[in-house]
Amino acid sequence: MGRAVQGHVGGACSFGWLILKGLLDERGECSVSGLKQTLLAESGALTSYSHRVFSAWDFGLCGDGHVRLRQRSILYELQVELEEAVVRRQAAVRTLGQQARVWSVRILLNLLVIALLGAAFYGVYWATGAAVRLQEMPPVQQMPLLKLGVDYLPSIFISGVNFLLPPVFKLIAPLEGYTRSRQIVFVLLRTVFLRLASLLVLLFSLWNQITCEGKAEAEECKTCGYNYKELPCWETRLGQEMYKLLLFDLLTGVAIMLLIQFPRKLLCGLCPGALGRVVGTQEFQVPDEVLGLIYAQTVVWVGSFFCPLLPLLNTAKFLLLFYLKKFTLFSTCSPASRTFRASTANFFFPMVLLLGLAVSAVPVLYSIFLIPPSKLCGPFQGHSSIWAQIPESISSLPQTVQNFLFFLGTQAFAVPLLLISSILMAYTVALANSYGRLISELKRQIETEARNKVFLAQRAVALSSANGAP
């Protein structure tokens with residue numbers, strides 16, 4: 001208990017010193033008045049600073065490690081707020097030449113990012129097409145190990161791209177001149193685009209192979225409506241590709257733990273000098289882990305229709321990776337030096353998950369409604385489309401159930417449902433707007449009260465100085 005109190009007191013003292021240090025200018029003079037003016041002038045900054053200064057510390061922390069971690073988190077949050085304020089001031093006084101130089105650097109770096117993404121997407125497209133051509137070559141068919149590598153070539157390439165390019169994005173982001181929080185957002189946006197777009201490129205490549213590039217009159221697709229020579233069971237091929245992506249995602253995660261995180265931890269412990277400080281330990285980045293979960297979930301959404309056991313395999317994979325990452329988190333990783341704001345995460349990650357659902361729904365629905373099912377395998381043989389099986393299955397149900405299901409597809413059900421949904425949506429939007437106006441009014445009241453207190457304090461100081469003057 002005594003150590004906990006000491007930790008709390010030490011943490012509070014360190015936190016207080018951190019605040020005082022931020023309130024001192026370069027000459028060592030107190031700049032509380034300037035800080036007040038800055039907080040009052042900037043919209044929303046008063047609430048942010050006051051929250052971090054007066055309510056950021058957790059007095060329930062026990063242990064020196066937790067206290068230091070909380071101190072580091074508060075320090076980073078204050079650094080981000082002050083850095084953003086400095087960047088806004090610098091942007092306001094920046095000359096036209098400086099502005100042109102900054103934007104030129106950003107344009108060049110974004111062109112580099114686009115070139116890297118384009119090369120990655122072309123590589124995925126090439127690997128998907130080359131895998132089919134290489135499998136027909138005699139040397140590949142004679143060597144089982146080489147044939148296995150060719151079969152997994154698209155998945156290997158996608159896993160390699162998802163492993164190599166995000167660190168490159170992290171190296172590019174600081175050169176663009178943005179604040180730390182915006183750097184993290186740009187890195188995450190580029191990583192999300194890389195993961196989801198590479199999956200879309202893979203699906204587009206498979207669509208080209210299945211439908212003969214959309215040419216129904218082509219010789220390979222004229223008979224069955226799909227390329228029956230190269231892909232006699234195209235549903236199986238699509239499910240296999242999603243299974244391979246899931247497998248290599250697991251293998252990549254395990255390889256990173258065994259080949260990168262553990263050696264870095266050992267090297268950091270065995271070399272306490274400059275080499276150990278340069279190498280450091282692997283930081284546990286929560287946003288990267290969440291994006292990995294969303295990517296894996298998107299792969300499962302695409303492949304679960306064609307590979308029904310894929311959700312079960314994904315569950316087993318998540319359980320295995322959870323315990324492995326938990327072990328590495330407490331044994332080999334260090335806390336992230338840059339954190340992702342909770343307010344941004346509450347909006348960003350659900351939007352990415354919704355985008356992943358949209359990305360996965362389009363190819364699945366297209367396959368169900370437009371691509372003819374395989375003639376030689378699968379449960380939908382002999383039908384013009386996979387959806388054609390649904391009316392036949394409904395016709396075998398009792399008449400009461402048929403009438404109810406057909407009623408759900410009529411206008412008598414759709415129009416009232418649309419009206420009720422519109423009313424609920426309008427009510428929700430109106431309620432959100434009213435809450436927003438109330439919050440804005442409360443913020444204005446807080447700012448007004450703060451200005452009044454500052455004015456009264458200045459008047460009190462002026463009157464006391466006048467009374468004390470000879």
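Positions of Cβ are set from backbone N, Cα and C atoms, glycine also.
Among the residue ranges 152-172, 257-277, the one that TrEMBL annotates as transmembrane segment is 152-172. Counting Cβ pairs under 8 Å to the transmembrane segment (347-371), the stretch among 107-132, 152-172, 184-207, 413-435 with the most such contacts is 184-207. Mean model confidence for the domain 'TMC' (233-343) is a pLDDT of 80.
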